[in-house]
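What TrEMBL annotates here:
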ACT_SITE  C265  active site
ACT_SITE  H323  active site
ACT_SITE  D346  active site
BINDING   N386, D388, E434, E439  Ca(2+) binding site
DOMAIN    257-349  domain 'Transglutaminase-like'
Amino acid sequence: MAQALEIARWDLECEFNNTDHRTELNGVEQLIVRRGQPFTINLHLRSGEYQPGGSALNLTVETGPQPSDQYGTRASFGLTDQIDTSRWSAAVTSPPGYMVSLSICSPPDAPIGRWRLTLGQGGLVEFVLLYNPWCTGDVVYMDSEEKLMEYVLAQDGIIFRGSWKYLIPTPWNFGQVPTPTQVLSAPLWPKLTPIRKNCPLSKNVLLTTFLLLYCVNCNDDKGVLLGRWTDDYDGGVSPLSWKGSVEILRNWDTNACQPVRFGQCWVFAAVACSVSRALGIPCRVVTNYNSAHDTNSNLVIERYVDENGQVVQKSRDMIWNYHCWVENWMTRPDLKPGFDGWQAMDPTPQEKSEGVYCCGPIPLKAIKEGELTYKYDAPFVFAEVNADVHTFMKHKDGTTEKIISSVQVGLKISTKSVGSDRREDITHLYKYPEGSDEEREAFTKANHQNKLLQQQENAGLLIAIKVSAEMRKGCDFDVFAVVTNNTPNGKKCRLVFGSRAVSYNGILGENCGFKDLLNVALAPGEEKRVPLRMNYSKYAENLTEDNLIRLAALLLDYGTREAYLAVRNVVLENPEIKVRILGEPKENRKLAAEITLQNPLPVPLQNCCFTVEGSNLTGGQIITEKLNSTVEPGQDAKVKIYFTPTHSGQRKLVVDFDSNKLCHVKGYRNVIIGK
């Protein structure tokens with residue numbers, strides 16, 4: 001009869017195991033391993049030696065408050081000759097002796113989370129188990145080492161903001177969450193409890209993503225972030241002040257899970273991406289330009305303008321200048337074959353889904369093919385990239401009439417490229433080319449009758465908005481309404497050309513410039529360019545932090561009484577932040593950086609402050625440098641910072657500049673750290 005091993009002490013070999021399981025960036029103070037892959041524990045015996053066939057060890061693993069063999073949250077097993085990666089198993093890999101190297105493996109579908117391992121009669125070990133996208137048996141398996149480096153292990157990245165005509169790459173520190181499963185802790189899922197009784201949330205990746213979406217926003221419970229889409233950030237900070245997810249999650253954790261104030265779509269998406277990657281689920285942040293918000297599920301956005309072409313808020317339907325969400329990579333055994341891969345998920349609290357604020361996951365292929373009955377929330381995401389836009393003029397007497405306007409949604413859907421900071425256009429993953437047979441078939445499936453019946457307007461009058469080559473914040477510049485008469489007859493028209501500050505989600509602010517021309521005469525075939533001067537003195541105090549101005553040109557044909565509307569959002573360019581690295585970047589060696597920004601405004605800058613952050617560069621801390629002096633127009637704001645890189649490889653040093661007149665200017669520098 002085999003003798004039970006008497007264990008005196010054990011070594012979890014955290015540094016070796018975490019490195020082998022690609023979790024060392026989460027830290028090596030605790031054991032963090034991936035399912036479906038063996039890890040090693042060294043046991044030091046109290047007496048006797050380990051003898052193959054003559055020694056026994058019973059092991060038990062448990063997770064959660066009520067471990068159950070039925071739901072895979074508990075398992076008991078003994079020593080075997082070799083590891084079986086399809087189930088919990090253990091095998092000795094060392095020769096006979098007083099020290100035993102024990103290799104332990106979990107099945108590739110084991111629930112993720114904190115586990116307790118009982119070693120025989122005397123040892124209790126705790127470890128964290130994560131998804132394993134390197135394991136072919138895991139539902140999140142991805143067959144590309146280069147993509148796994150980007151979508152799981154990358155500590156920093158790029159999120160695209162701005163407008164579809166002027167995309168702004170914004171650096172973000174995704175970081176590594178030291179205890180990723182804490183975000184999915186028990187207090188956050190009371191409304192999902194009935195689901196948990198039937199299937200452990202952590203075992204089913206779909207339910208894990210439900211919970212992740214549910215807990216990133218705080219609209220239903222003690223989630224991480226509180227959203228705010230106004231200029232009032234009392235009690236918190238502007239969403240633009242964040243440079244990374246780690247600080248947000250740290251604030252949430254250290255303040256008893258009270259919501260962090262405040263977030264907007266790219267912040268919600270970035271935090272969801274950080275947590276997904278920390279759990280082992282491949283994830284990327286996606287930006288959809290001219291993103292439709294369809295509140296009544298009719299695939300139509302109805303917009304109303306007054307007689308000056310300015311939007312009046314009569315409908316909750318809106319078009320956001322851009323909107324960010326995330327895509328997670330997984331198989332979908334709940335759907336028919338062919339819908340595995342990237343799944344769109346939106347953690348921004350917009351509309352409720354089955355009673356809670358979450359959206360998705362929905363396969364990108366389902367959106368592209370118009371399969372709106374597929375789970376989850378396909379109609380809402382389909383509308384974000386495909387909805388029609390109908391524009392109506394509301395007259396002073398209360399009557400309305402439809403006007404001619406060409407506005408497209410779902411433009412330049414973007415994400416960061418694998419292995420570089422370049423933009424990858426992934427619009428083709430969401431929709432077929434416009435006018436193609438495949439597009440018509442997808443719209444037929446989606447019952448998108450408005451799109452199918454829409455015919456190309458061949459208007460005799462055309463109106464468009466053109467802009468100057470450079471539109472820098474602080475400068476005066478011109479924008480143009482370009483009117484073309486393609487008819488054989490002369491035309492007399494009225495042109496109303498206006499501009500207003502606007503936030504990225506479409507909320508309009510104050511007037512930045514206006515022109516009303518009552519008698520615009522156009523000969524047959526004639527084109528006229530009508531300028532509108534944008535003066536800094538006029539727009540400076542009206543701009544939001546988004547630096548966006550909405551231009552609207554309304555053309556009224558006196559002869560036919562038809563109205564034509566052109567709309568364009570422009571982004572004012574912030575000054576460049578220059579980062580110069582002083583010295584040779586080496587691991588664990590102090591390094592300096594000189595950071596400079598030139599004041600582009602015609603007024604002095606006061607209360608200037610640089611904040612700097614970088615994964616494995618600034619030790620998980622934010623470096624703050626304030627300037628005591630005023631920065632006059634044309635002068636440089638300049639600081640020098642010091643930091644000590646802790647890991648080799650390419651890292652992003654992310655910089656934010658703030659002042660009384662120039663707010664949240666972003667910049668970064670890629671730093672290659674040598675060993």
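Placement of Cβ uses the backbone N, Cα and C atoms for every residue, glycine included.
Taking H323, D346, D388, E434 as the recorded positions under consideration, the smallest Cα distance to C265 (active site) is found for H323. Nearest in space to D346 (active site), taking C-alpha to C-alpha distance over the recorded positions H323, N386, E434, E439, is H323. Non-local neighbourhood of E439 (Ca(2+) binding site): K431, Y432, P433, each in the same chain, at least six residues away, with C-beta under 8 Å from its C-beta.
Cα spacing between N386 (Ca(2+) binding site) and H323 (active site): 14 Å, rounded to the nearest whole number. Helix first, then strand, then coil: DSSP counts for the domain 'Transglutaminase-like' (257-349) stand at 15 helix, 42 strand, 36 coil.
Other C-beta atoms found within 10 angstroms of the C-beta of C265 (active site) number 28, with every protein chain shown included.
The recorded positions under consideration are D346, D388, E434. Their Cβ neighbour counts within 10 Å are lowest for E434. A gap of 21 Å separates the Cα atoms of E434 (Ca(2+) binding site) and H323 (active site). Comparing H323 (active site) with D388 (Ca(2+) binding site), their Cα atoms are 17 Å apart once rounded. Model confidence over the domain 'Transglutaminase-like' (257-349) is summarised by a mean pLDDT of 91.
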